[in-house]
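Enquirer: Pulled these from TrEMBL:
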TRANSMEM  C:7-28  transmembrane segment
TRANSMEM  C:40-60  transmembrane segment
TRANSMEM  C:72-98  transmembrane segment
TRANSMEM  C:104-127  transmembrane segment
TRANSMEM  C:139-161  transmembrane segment
TRANSMEM  C:181-203  transmembrane segment
TRANSMEM  C:224-246  transmembrane segment
DOMAIN    C:225-335  domain 'PDGLE'
REGION    C:292-314  region 'Disordered'
COMPBIAS  C:296-307  compositional bias 'Acidic residues'
TRANSMEM  C:321-341  transmembrane segment
Amino acid sequence: MSHHKLEAKNLHFNYPDGHNAVKGMSFSIHHGESVGIIGANGAGKSTLLMLLMGVLFPNQGEVCVGDVQVTKKTLPMIRQRLGMVFQDPDDQLFMNTVYDDVAFGPRNYKLNEKEVEKRVLNALEVVGILHLKDRAPFKLSGGEKRAAAIASVLSMQPDILVMDEPTAALDPKSRRRVMELLRSFKHTKIVTSHDLDMIYEMCDRTIVIKNGEIAADGVTSEILVNAELMDACGLEVPLALQNCPVCGSKK
Amino acid sequence: MANIADSIYNMRLLDDLARQETLIHKLHPLVKLLTTVSYLTVVVSFGRYEVAGLLPLFFYPVMVLALAELPLKPILLRILLVSPFIIGIGILNPVFDQQTFELAGKEFSRGWVTFLSILLKSGLTVTAALLLIATTGMDRLAGALRILKVPRIFVLQLLLTYRYISVLMEEVARTLRAYSLRAPKQKGVHRSAWGSLAGQLLLRTFDRAQRIYEAMCLRGFAGEYHSGEINKISGWDWAYLGGWVAFFVLARMYNIPLLIGSLLTGVIR
Amino acid sequence: MHMADALISPVVGGAMWAATAGVAAYSIKKVQTEMDEKKIPLMGVMGAFIFASQMINFTIPATGSSGHIGGGLILAILLGPYAGFLTIASVLAIQALFFADGGLLAYGCNVFNMGFFSCFIAYPLIYKVLMKKEYSTTRIFLASVLTAVIGLQLGAFGVVLETLFSGKTELPFGTFVLLMQPIHLAIGVVEGLVTAAIATYIWNARPEIMEKASSGETIGNISIKKVVAGLVAAAVVTGAGLSWFASSNPDGLEWAMIKTAGTAELEATGGLHQQLSDLQSKTAFLPDYSFKASEEEPEPSGGEGEEAWPAVDGGTSTSGLVGGSLTLILAALVGGGISLMKRRKYRINS
Ligand SMILES: Nc1ncnc2c1ncn2[C@@H]1O[C@H](COP(=O)(O)OP(=O)(O)O)[C@@H](O)[C@H]1O
Ligand SMILES: [Mg+2]
């Protein structure tokens, strides 16, 4: 399925204040892959996602979804196929009930209200918060908010799911739930995080970013054990791969 | 509106109350809005010497409170909070209107009557507005506004403001807590921090607005806001509106307590 | 300076609603045609910001007291007058609904007093003019304080006029003005100083925000004139319509007009009211019903076109007292009865 391919070709991006946040990144992601993007704070992960989604446009280089280049013109079409979950669910849940929020996307694509309802209920069912559909977002817990934010993207039935730090600020149980949820999503996944244990469990492939450049790109299990690389990029080998603190044995 | 925790609590309370499923809650939002507006108009249209004539209008809030199973205390508390301003303006009436009248063999200044009239009206109007939101909720009220052809932009903006009040209030609360922990003896924010404290909050707000806009665009937003379908107004809804309006008009035309009173005192006499 | 429902008459409330709706409609059109839709989330979140920032107490130097801001001016500065006005309107709507700060009928008055004067009079005529040449800290301070003070003075005067036209208080015009204006002079200075501090900070940190707000706006003479003209027309038409409707009720506008003209016209003449009282006398079932008498013989006093004093004799007052108490008791009984029934139903169900 080549039309699900996501390709970044030599991306460069400067913020208006001149800060050069992305310096020549290239990669391509195939259908069904789950890719982790890791890097220290300020490495440029969020900026890269914005470029992929067409929220920002590169100063140089291009992003292609399938065979279509991401431009202002192709955005409506592209955005139906890419769904993005923001880092702070409060930015994403801007309506006053969970239902309205999950319905926001489908309604914008002018689906009739029956179809909207079907999609909303389905998305809420998938993330397991059907019972919260009439709640106001400010009355949800952190984990519930995250689930609602994911549902609001799933209701658009995207082919590619992009997530910015989905497990940040979650307690262990909620984190586990979100991870299971993501695993159940069968299409392409792109996830940024500092939660390297999560990346280790969820993603087959990992791209490491350092100061706006790609420092490494390869199989997760090989990259995350590379202590030297991790250290150079302001990261750390995930706990699951470190020596056992109790018995000292190598994992 | 001084206390952040109180304000957030108040909004959440009203939001919770609005999500009940009673007879009143199930009414069409537009019908409730129209009933409230007619009620307010009638209350306010009473002359300033009118006291007795206003009393039958107590039936409306009492009935709605009971039927909608709302707690009395928080609503009464709200009324008390608003009263100082009303009292401040009204209390001068007895000073400026010195003419007197007789009641039960005693002389009173007429100003007290106008003052009492203002107090009654204040209580009734404040209650009616709170009952509207406590039985309807912001999202359904926005639906009513859409039926009334209030432009989409305004409705969406109103909803967004409502949505982000608690988020930003919590942000302000955190900032103020951080400030006061390091400036324990100050009552408010010192002049040297006016600009930076409020300004940073403002910049964060701008950035948040930007992110929200992006989140909206990613889900197909292009300047138009599509609300879901709103139920049709049923016969029962119309009956509710019609019934109350008829009652309000009657109460406006006839001084019902006076009628009852003269009937009774006449009989006794 | 929120006006409450209890202090206004339907005529004044309706006229101000119409005026506010007119300005709002015009502003929405402007926002739609002249700006990108990016402003909508910004307006929404800025409204919430104003709400939240009203919780911040700013210590006022040399007084030992503290105050907070209303936010009208900072909105106009950062969003421009049209978007600023709409944002204030939604803040006031939520305050009216959830916090009972100002009522629904008085909503038009409040938006006008707190939004229109700062966004469409003070901001373009003072702030914009003063800031035209250049941005500097002193200029921002000067312009902000002046604009805030004048905006609030106009708003306070609006409150005075609306209250007096409504005829609910006995406060003489002069006293009311002397009460309102000086207080709002102080409030205006604080608002101006805090606004200036914030604006200066933003100007230093992110100058592009201020530039965008001031460049995107074309407040030409034409649009301002149009706004004012449309407004006056709307207010006059509604005011006239409503006061015709309430023509015999010497409440509200007419009361003020009589007062200024100095002629007391006491007779309730024609119109709806006459018909109503005719109907009343026809259907009155008590022959010695004293209310009727009071309608027909207004007390010849006051000389200010006051409405009829309903309680002419002690008998009426007593009837009112008895009937009033009865009405209230009945209302309480009905309410209590319903609640009791509901509670019992729950107990049975559970
Ligand atoms: N709006 C902006 N304007 C200027 N610089 C920015 C902006 N947003 C982010 N940056 C800068 O770009 C770099 C990358 O940021 P970001 O992509 O958010 O990092 P990450 O998500 O990896 O933590 C950082 O140095 C950050 O300071
Ligand atoms: Mg980030």
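Just so it is clear, glycine is given a Cβ too, placed from its N, Cα and C backbone atoms.
TrEMBL annotations: computationally assigned, not manually curated.
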Enquirer: Just to confirm my parser: what is the rounded mean pLDDT across the domain 'PDGLE' (C:225-335)?
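Expert: Averaged over the domain 'PDGLE' (C:225-335), the predicted model reaches a pLDDT of 50.
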Enquirer: Mind pulling out the one from C:40-60, C:72-98, C:139-161 with the most Cβ pairs under 8 angstroms to the transmembrane segment (C:7-28)?
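Expert: The stretch with the most close Cβ contacts to the transmembrane segment (C:7-28) is C:72-98.
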Enquirer: When you check the transmembrane segment (C:72-98) against the transmembrane segment (C:139-161), do you get at least 3 Cβ pairs under 8 Å, counting only pairs 6 or more apart in sequence?
Expert: yes
Enquirer: Do any residues, 6 or more residues outside the transmembrane segment (C:321-341), come within under 8 Å Cβ-to-Cβ of it, and if so which ones?
Expert: none
